Amino acid sequence: MLQVISVPPIPLFHADDVTAEFSKTRHHPDVQDDLDSDMDVDDEYGTGLGVGSSSRAGKNITSPGEVVTSAKEFMRGHGTYTEGDNVLSTVAGTIERVNKLVSVRSVRQRYNPEKGDLVIGRVIEVVQQRWKVDTNARQDAILALSSVNLPGGVQRRKVETDALKMREFLAEGDLLVAEVQSVENAPQLHTRSLRYGKLRNGLLLTVPPSLIRRLKSHFHTLPPPCGPLGVDVIMGVNGYIWVSVSVGERNNAAVEGFVDAEGVYSDVNDDISQSSRLAISQVANLIMLFARYSIPLSDTLLSDAYAWCRDNGLTKSGQMMDKEMEKRCLTEITGMDVREEL
Amino acid sequence: MASSSRVEILNEGGLRVDGRRPYELRSVSMTFSPQAHADGSATMQQGLTTVTVSVFGPREPRSRANAIHDRANLVVEVGVAGWSQPGVGQRNRGDKRLTEVGATIRQTFEPVIMSHLYPRSEISIYVQVLGSDGGILPTAINATTLALIDAGVAMTDYITSLSVGLHLTQPLLDLSSPEESDIPYLVVASLPGTGKVTLATLETRIHVDRFEEMLAVGVEGCKILKAEMEGEVKKRTGTMVERMKLNALPDRAGGMKDSDRDILMT
Amino acid sequence: MPRDIPVPTINRSFVQAALEKGHRLDGRRPLERRRLLIQFPDPEETSVSGLGRVEVSLGKTKVLARVSAELTNPRSDRPFEGLLSITSEIGPLAGEAFHGEGRTTEEEVILTRLLEKAIRRSEAVDREALCVVAGEKVWHIKLHIHFLSSDGNLIDAGCLAGMTALRHFRRPEVERLDRDDGMAAIWKVYPTDERAPVPLSIHHTPLCVTFAYLEGNLLLLDPTSQESQIASGTLTLTLNAQRELCVLSKAGGNPLGVEELMKVVTLGVDVVREMTSEMESALKADEAVRIVDVR
C-alpha cells in the first residue's frame, strides 16, 4: 500500500504569490506619525487576490489577542478566553455567534475526535487486550479487543486465545477504518460494523482535517468508467483518505449477509489491474490538488473533477496536469477564481 | 572583542550602515505553510535574516515520560543551516548556544500558549535558521508566533520580538549583523496587546539609566511589528475562509449544514 | 535517572498562600537574601594553589571555585590576549536531578552559559594584561566552578564564587631565560616563595542576582530550590558596582511592564552593592591573614 505524504511544499517565492512581496520599511511613530495600527492594512499590500471585495479581511476574521466582544453580554466558547470584561480570541479564524455564545473557529486545526466520527487510523502498538491507533489527533486512539469483529462471525464470543493472537488480526502498521465510540481520556474506537475493519487494495492520503466535513456517509464510490470496477473513496474525518479499488460487495455485505470470515483480516492485496491503478492514482492526484488549494472535499466535487479530466482527454493518456491546467480545472469546477495555493 | 572594521554605526546624516534611520525596521516578509506536512509552519524574513519554523501538535508525546497530566509539553529544537552565514561551520560552541536559544524560545512561549487545553500532549517547535544577518532570536520568535497561529494552537496574544542597540546615547531598532557585533544591544519580546515584556536578554554591558529607554523603544517597535504580522495573518485567514465556503454542503439530502452543527457545541 | 518529582499541589498552594502574606518557608521576607558565607582555604597554605580557591554558601547552596593558571600560546587571531576558560561542573553530588558525566540537561546548559556570559563575555578579566609576549606566550586562566550542594539559586552563588576566586587569585611571576646554546628559550615560572605572585587585572566585578516570580506577580529574591520549582519564571540580572547591566535574562514567566522591570533592576543594583561590599570585606580579611609577599 502506498502512502502519500500530504501536500508538497510550495516554493518560498512564487512569481504571483502576493505574500512574498517585500513590504515597505516601517517607521517608528516618532519619526513617521501617520503609521497607525488602525489603518486599513489591506491597501498597503497593493493587489489583493483580485477577487474584489471577498479578498478583504472580512469583519468576522480575528486573530489571537484580539477583543471579540464584551464578556458581560456573551458566554465564551471554544477559541476564546476572558480577560476582565472582554472576550478575546486565541486563534486565527472566524467569529461565530449562536444566540449568546461566542466562539472562534480556527481555520486550521489538529483533528479533534468526537463521538460518531468515522476515522482511518494506523495501528502503532499492540498492548494487553487493546490496540493503540494513530488517528492524527492529539492523542492516540484505543481500539479494544472487545470492540472488533472477530473472524468466524459477527456474534462470536471472545475466547482466551484471541487475546494472545491479537497480532494475527491487526499488527503494527496496519490501516483500518473505524468509528469513534467515545472520547474520555483517550478516544475509543470500534469496528463493529461490516463496513469497518482492515483496509487493503488502495492507497492512503493525508490532507488537513478541516477540509473534510462531517457527513452522513463517508464512503463514496466513483462508478466505472472511473476504473474498470470503479474507485472507492473513504474520507476519514481525521484527514486520512483511503482510495481503493471498488469492492461493491463490501458495502452491501450487510444486506447480503455474506462475510468472508477469513478474508476480513487478510493482509494480502488482490490482483489490481493496470487501468484500475491508473484510475486510483488519478483520483488520488485530484484529491491532493484540492488539498493544495485548500478546497473542501466532497464526492460530487471529485466526480465532477474526474469527469472534467475525462472530457479533457487526460484520463486515457494518464498525463499529469501542469499549473495552468490545474487552475483552469479548479476554476471551472468550483466556479471560483483560484489563483494560488494555500 | 574589537570589531573587524571600523564601520560607522551612525553617520552625520543620521543614517545607519544600511541606510536606515535609527527607529526604522528592516523590510519584512512572511510566508505561511512553507512546510505543508507540518501542522503549522511559517517563514519570517527580516532583512536578510530568514528563519523557518515548523510546528507539530498537539500530538501524542514521543516519550510517555514527557506527558504532563494537565497541560501540553512544549519542545523546541533549533538548527542553523551551514550556509546561513560565513564562518559558521568553524565554530563548535554552536551546540550550547542553540540549546540555549531553544530553551529561551520555549520559556518565552510557555505562558502564552494555552497549554491546559491540550493535556497529555506535546507541541513540538522546530526552528531552522536559513539566513543569518543579525537578530536570529527575534526573527525566530516572530516566525514561531506565525507558525503556531498557522497550526491553530490557542494563544493569548501574538509575541513579537526585536533587537534594540545603543550607539552612544541613541537607541537603534532591529540590528543587522555588523551592528550587533559593534554596539551593546538587548533582545526584547513582548505581548503587543498589553505592552508587557515576556523576554528580555542582553549580554553586553549597558548602563542602567539607558536600559529603560531601550526597553520602551523596543516595546513600541514590537507593537508596530505585530500590526504588520496581524495584517498578513488576517488576509490569509480571509482567503482560506473564502475557499472553505466553496462547496458548503447544503441542501443535498442527508448532508448536514455546518450551521446546524454549530448548535451542538460542547 | 531519577527525575525531580513535581512539587505536590498541597505544598505549592501552601507556599503560595504563605507568600501572599509575606512569609517564606525559611522565615525570610520576600526580598531578603540568605546568609552569604565566603570561606578561603587555610592561610598557612601559601602556595599558588591556595590562592584563588574559595567556597561560597548561600544557605544550603554550596559552591567551590578554583582558579589555576598555565602558560600557553595565544590564539592566532588574538595574539595580544590571554585566555580565560570557565568550566562549571554539576553532578549528582549536588542533587539527584543532575546527571553525571555525559548527559547535560537543559538547566545545566543555561547555567553554564549564564556564567560564561557574566564572567567572560562581560570582560571582567583584562585579557590583554595576561599577555607575556605578544604572539608567543600568554597566560591561560582556568576557572573551575564546582557545585557541591544545590538548594536553589546556583547562579548567584556560582558567579560570586567565581569572581571572588578570580579576585583572590595571584598568578606566578614568569621570566624568559635565553639559553646560550641557541636552543629555544625556557620560561621559568617562579614559585611563590621566590617571587611574589601577581593578582589578575580585573576591570569590574559583575555579580548575579536572581529573582523568582510566582503567580500574582509576587517577587522573591534568592529563591530556594523548592521556590524555583513552584515559580512561574525566574529573572537573573548581572550587574556591577558601576550600575551597568552586564547580562539580563528574563525568559517566560509572568509578562512584566517596563516600569515593573525597571523596579526589579533598581532592586538588583542595591543587592549587588551589598554583595560586593561583603565580598570586599571577606577578601580584605583574608589578605590581612595570608602572607603572600616574599619575606
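From the backbone N, Cα and C atoms, a Cβ is placed for every residue, glycine too.
Residues or ranges marked as compositional bias 'Acidic residues' in TrEMBL: A:32-45.
Annotation source TrEMBL lists compositional bias 'Polar residues' at A:52-63.
Sequence-distant contacts of the domain 'Exosome complex component N-terminal' (A:62-98), counting only residues of its own chain at least 6 positions beyond either end whose CB sits under 8 Å from a CB of the stretch, comprise 104-107, 109. What TrEMBL lists as domain 'Exosome complex component N-terminal' is A:62-98.
Annotated domain 'RRP4 S1' per TrEMBL: A:110-182, in sequence order.
Look at the domain 'K Homology' (A:202-244): DSSP puts its residues at 3 helix, 20 strand, 20 coil. The domain 'K Homology' annotation in TrEMBL covers A:202-244.
TrEMBL lists A:24-63 with the feature region 'Disordered'.
According to DSSP, the domain 'Exosome complex component N-terminal' (A:62-98) comprises 0 helix, 21 strand, 16 coil. Mapped onto DSSP classes, the domain 'RRP4 S1' (A:110-182) shows 12 helix, 29 strand, 32 coil. As a whole-number mean, the pLDDT of the domain 'RRP4 S1' (A:110-182) in this prediction is 83.
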